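Colleague: Annotations per TrEMBL:
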| type | residues | note |
| --- | --- | --- |
| ACT_SITE | K185 | active site, proton acceptor |
| MOD_RES | K185 | N6-(pyridoxal phosphate)lysine |
Amino acid sequence: MIPVFSPTPQHQHAEPEVTLAIQQVLTSGQFILGSQVTAFEQEVATYLGVEHAIGLASGTDALHLALLGAGIGPGDEVITSPFTFIATVEAIYYCGAKPVFADIDPVSLNIDPERVAKAVTKRTKAILPVHLFGLAADMEPLLELARAHQLKVIEDCAQAFGARYRNQLAGSFGDAGCFSFFPTKNLAGYGDGGMLTTNDKELAENVLALRNHGSKHRYHHDKLGFNSRLDEIQAAALRIKLQYIDTFNQSRRDIADAYNKAFESLPIQRPQAPEHCHHVYGQYTIQTDNRDQLKSALQHEDIGSAVYYPIPLHQQPVCKPDSAGAVFNTSEQAAARCLSLPVFPGMTEQQVEKVTDVVGDFYRTKSCLT
């Protein structure tokens, strides 16, 4: 079986170092907000070129606390994409704010800045672009729009650690960047974990308190907060993984290049990155009118695939009260046509070749078009 993702090769690559790092944490007896978390935060900040990095319990918490830390609250509107994971809008709702959707670009599948401009109202307080599938959103016009309307920009970087836009890393553009270390992500932990990055000292101080029960000093609580702390064991393991992130991302890019060449003559819309973007392929996602048939053909040959995302957010029951009657054609078409193929560091040439052979054979048969 070729899974759509496997953490095993990454783990095997770094296993001796990760095992030693975890053993050192166990020996230290320090498990919460200790030296490993502090060091990992500093290393991520250095890698991304930002002033502050704050370890959190999950990527969802990073989004939530970024919005709260930026002052987003009840009555505010936050513009985001309808074609993303539910966590993006969960974070908005958690603040008492309202998500306002702007449709996506049909090629990048990221939020369309022109649609964002049309969605701005007097209640808009922030833009939340998602760097989907490892491709950075079109940040330049989004930042210009934010400056013109005095809006916050919170980047959802869950699928894009190491992605670049005009040679600048995702997570370093807006008021805050929000990362997930879920085991399937580019920088993958051994459980849940997240991080917020920012150059805004006040926002960073707010989030540092919010992650730890609203406390900046032990047993002194200036505000109500949360229990959202990255633990020492995850931080220790992620410090090792961070040393290999460029290698892991290049492996994903090499697999994507092989797919792109093999699928060049097929009736498939391949993922495309503008020249000024460095795609890190959190997912390798094609678009095809024969999505469900192709998925079945792959499954028959023991090849995994996944549909991200089968229902756009404006059609989800939880969002319908705020988007009743809304139509976002591009997102709806993407939901019907997208299929993600296996891509993960350590995937073998034989595995890649099997995927390309099965996809090619599928399209070379007339039955797929009947």
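Start at 1 and count along the chain as shown; that gives each residue its number.
Glycine residues also receive a Cβ, built from the backbone N, Cα and C atoms like all the rest.
Bear in mind that TrEMBL entries carry predicted annotations, made automatically and left uncurated.
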Colleague: Tally every other Cβ atom lying within 10 Å of the Cβ atom of K185 (active site, proton acceptor).
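Modeller: By my count, 22.
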Colleague: What does DSSP assign the residue listed as 'active site, proton acceptor', in three states?
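Modeller: The residue in question, the residue listed as 'active site, proton acceptor', is coil (DSSP, three-state).
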